[in-house]
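According to Swiss-Prot, the protein has these features:
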type     : residues                                : note
ACT_SITE : 114                                     : active site, nucleophile
ACT_SITE : 210                                     : active site, cysteine persulfide intermediate
BINDING  : 20, 21, 22, 23, 24, 25, 26, 27, 46, 138 : ATP binding site
DISULFID : 114-210                                 : disulfide bond
SITE     : 139                                     : site 'Interaction with tRNA'
SITE     : 352                                     : site 'Interaction with tRNA'
């Protein structure tokens, strides 16, 4: 049997596709393209959080005006549209873990958790329940057949590359998902929106974390976890106490501005000692990292990760969403997975992701990745930090 444009067997008119519609231009264009190609399209929008503060806020997502925009687009395209209340699930799977992660001294990525649980688990099951053959989204990433399964690849428009946030997508999910925008540049997507007469053609892209009004994540975390605003010491990596802070929630590893102490030297946040409510600062050199240890690894390579050679596997790694993939070596032994960064990186924060690729081109395959559990700095800085943490543990035990 021949395959249609979504690599599914059969004619497009016999293929039902659920489109995850956020109310933005990207997912709206996906619905429009698939409808134009003759697919049986069903739009689904998730209400993920209390939209009171976001009803009229530009750059929000999945609340208030966005839901109305998705409804209007669906109506104009002549497709059924459903709004599902996932607010409780979103709080449980995304917002609470986000706050817990910050309290523990990490810098989490809620978009990964949202994709991993709410969008690509719960919504995917909803799509199956609706009898859909696939779930399509407006993410900028590509997938194509790889043997009996499908594999992920970076998009044509690398400025919009969302693969960093999709590393945790499982093989089962990848096989069911479709990403029609992966081969299109953003400018062309907006042109298509104009051609289709979509009311969201000029709508601003979503910004920051969707459930955080004005990007002030510290307000939400402090409300959910008041202990995150507990004051504590600002300590130099060499052991000197330099001042006080108003809660580790206001800091992240690599931060330079707004630290709250003036010593005449450039200082950066090197580590967040959540157990002792301390912000550890130091010179830029103390941020240099060549090795990161991963947890919750989602490996999408063809060879099982446990079967990697002792010499490791040459890959390219991204430790920030805004950075291009850089040369690295992936290793796995004794149940641990780590990545050695050939050129090093600065300011790597626990809780962030390390995503792995075959190369650094826009055709690179995504091999998955993991969350950064810890990193190793340059030997001198690593020893100073270990000594500082050990002394704190002794003081706490005394």
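Yeah, the Cβs are placed from backbone N, Cα and C, and that goes for glycine too.
With respect to residue 352 (site 'Interaction with tRNA'), the closest of these recorded positions in Cα terms is 210, chosen from 20, 24, 26, 46, 210.
Cβ neighbours of residue 114 (active site, nucleophile) (same chain, under 8 Å, six or more residues apart in sequence): 48, 90, 93, 94. Counting only the Cα atoms, the space from residue 24 (ATP binding site) to residue 139 (site 'Interaction with tRNA') is about 11 angstrom. Under DSSP, residue 114 (active site, nucleophile) is assigned to a helix (H, G or I) in the three-state scheme.
Taking CA atoms as the reference points, residue 22 (ATP binding site) and the residue listed as 'active site, cysteine persulfide intermediate' are 11 Å apart.
In the three-state DSSP scheme, residue 26 (ATP binding site) is classed as helix. In this structure the alpha carbons, written CA, of residue 46 (ATP binding site) and residue 210 (active site, cysteine persulfide intermediate) are 13 Å apart.
Of the candidate recorded positions, 20, 26, 210, the one lying closest to residue 139 (site 'Interaction with tRNA') when CA atoms are compared is 26. Pairwise Cα distances among 20, 21, 22, 23, 24, 25, 26, 27, 46, 138, the recorded ATP-binding residues, top out at 16 Å. Of all Cβ atoms in the protein chains displayed, 27 besides its own lie within 10 Å of the Cβ of residue 46 (ATP binding site). Note on residue 139 (site 'Interaction with tRNA'): other Cβ atoms within 10 Å of its Cβ, all shown chains, come to 26. The Cβ neighbour count for residue 20 (ATP binding site), using a 10 Å radius and every protein chain shown, is 25. Cα-Cα distance from residue 210 (active site, cysteine persulfide intermediate) to residue 20 (ATP binding site): 16 Å (rounded to the nearest whole number). For the recorded positions given as 22, 24, 26, 352, the lowest number of other CB atoms within 10 Å of the residue's CB is seen at 24.
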